[in-house]
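Here's the structure, in structure tokens; my notes come after.
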Amino acid sequence: MYQSSNVYFICSFAAIGGGLFGFDISSMSGVLGTAAYKRYFGNPVSYRQGGITCSMPFGSLIGALASSYLADIYSRKTSIQIASVFWVVGSIIQCLSVNIGMLVVGRVVAGICVGIASSICPVYQAEIAPKEIRGRVVSLQQWAITWGILIQYFIQYGASWVGGGPENPNQPTSAFRIPWGVQIVPAVILFFGMFFLPRSPRWLASKDRWEEAIRVMASLHGGGDVNHPKVLAEYQEIEEALRFERDEAINSYRQLVAPRMFKRVLLGMSIQMWSQLCGMNVMMYYVVYIMEGANIASPLLTASIQYILNVALTLPAIIYLDRFGRRPAMLIGSFLMMSYLFVVGALQASYGVPNVGDLKDSTNTDISWIIHDNKPVSKAIVAMTYLFVCTFATTWGPTSWTYPSEIFPTKIRAKAVSLATASNWFWNCILAFAVPPLLWNINWKMYMIFATFNGAAFIHMFLTAPETKGKTLEEMDEVFDSGIPAWRGVPKGSRLDQLQKDIEAGNIKIVHPIGGVKEKDGVVEHHEEKAVSDAGET
């Protein structure tokens, strides 16, 4: 069967899994304001709406925790296809929902897909890509998320005008069933398209399928030449790393709490935690409520501008993340998001009033605090919201997926990333449930809480997150075990580049195991078929 060899195409296509995450995020925001949804499901607000919304991230938490088993046993590629099946089934249940219970079940099943895909797609991309563009192609995950949010939101926005518009009290249920049905399409495309993508060479190598691994690496990085210096250098790096992992027995969950690995696991989980506690997904899930509180223009239309900005501003991060670096992106992002949220909270506190009496009407019954008759303040709040989204899109959005997917050894990468992603979904679930009552009960103080979280994230990342750009996945042990404080940085350059130069100069001979791999006394012996040069020996 034909297998694609273009790294950008492979990673872009796999990022459709991230697109499903985006469909999930906006699968509720576009229907919350429709009369059909409110009438059919009994106008759920506060804890009831929080329960409906958080059912998806709850399923995603389950999927994330199960993803490492699927990815290690059946491969990264197959686990993404399994996730697609869950999405299709969950979407069908949602589309056919007749009550809140059925809707919740459908969202949990679809959430399992999102948990698996959000864990394994970045791992697959990181293991496919060369170090020079790894940040760029893993960032495609975040871009796909933003596209999923935007596409689903506009499908919902269009469907909301079915049967006389979102404010028609007799609006038909097709206003929310159409978007929940259409979201099946990308999962079907992902399932069948994955058949034409290669398996991860690092996963193949971890299963001692060296011949397949080398042929995949040759196809991806050597123009099909198994003796290309870059292919041989990469093979040598992977082989040495796997040998070390075997010697150290790095292949079980016990290794996740080993002293040298535990700090990385905590860092990966913390990055995903802060990506939620920064407040971005609150903006995505409940942006309609926020715009209603600002009392400006059409909440649905104003929110759509935010989604467009999210897509557009992720593109610079994709282009420049491998030049700019992961660490500066996280630090600058946290500081700016903290500033914007403090401003929004202060404006809401100073100019907002309780939404009671004559202020309350049929269009704003789901909020308890509102900016009344003060357009400059309303515009300032919307502007700060937009700046917040732009900042997240260019900093924490792509970095929060790239960083955890690249800092772990091959044997435990899927396990560790599944825990990091589970952290994302754990906090996502809590926030999806807690934000509606928070908005209802403490109003502007909620913005102050999330601003404080961003301040804490800034301090945490400054002290614990070293720069990883330009390093191979196999060099991460050196980055984290060097003893150099995170704020000082590790030496620039990569061991792989020097190894490739030595091979090209004929100073080192690397023998690849095309033709068979034999294991003896726990050591993998490679039977020589071809050598690059006779000028030297390893």
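For all residues, glycine too, the Cβ spot is worked out from N, Cα and C.
As recorded in TrEMBL:
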DOMAIN    10-469  domain 'Major facilitator superfamily (MFS) profile'
TRANSMEM  7-30  transmembrane segment
TRANSMEM  50-70  transmembrane segment
TRANSMEM  82-102  transmembrane segment
TRANSMEM  108-125  transmembrane segment
TRANSMEM  137-155  transmembrane segment
TRANSMEM  175-197  transmembrane segment
TRANSMEM  265-288  transmembrane segment
TRANSMEM  300-321  transmembrane segment
TRANSMEM  328-351  transmembrane segment
TRANSMEM  377-396  transmembrane segment
TRANSMEM  417-440  transmembrane segment
TRANSMEM  446-463  transmembrane segment
Residues sitting near the transmembrane segment (175-197): Cβ under 8 Å, six or more positions beyond its termini, same chain?
1-4, 10, 13-14, 16-17, 19-20, 23, 27, 30-31, 34-37, 40, 77, 80-81, 84-85, 87-88, 91-92, 94-97, 106, 113, 148, 152, 155-156, 159-160, 162-163, 166
Are the transmembrane segment (108-125) and the transmembrane segment (377-396) close enough to be called in contact, which here means at least 3 C-beta pairs under 8 A that are separated by 6 or more residues?
no
So, taking each listed stretch (137-155, 417-440, 446-463) in turn and counting its Cβ pairs to the transmembrane segment (328-351) that are under 8 angstroms, which one gives the highest count?
446-463
What parts of the chain pack near the transmembrane segment (50-70), using Cβ distances under 8 Å and only residues at least 6 beyond its ends?
24, 27-28, 41, 44, 78-79, 82-83, 86, 90, 100, 103-105, 107-120, 285, 414-415, 417-419, 421-422, 424-426, 428-430, 432-437
Intrachain neighbours beyond the transmembrane segment (377-396), with Cβ under 8 angstroms and 6 or more residues off its ends:
142, 146, 274-275, 278-280, 283, 287, 290-291, 294-296, 302, 305-306, 309-314, 316-317, 329-330, 332-334, 336-337, 340-341, 343-344, 347-348, 351, 371
For the transmembrane segment (446-463), distant same-chain residues with Cβ under 8 A (at least six beyond the ends):
270-271, 274, 277-279, 282, 327, 330-331, 334-335, 337-339, 341-342, 344-345, 348, 435, 438-439, 486-487
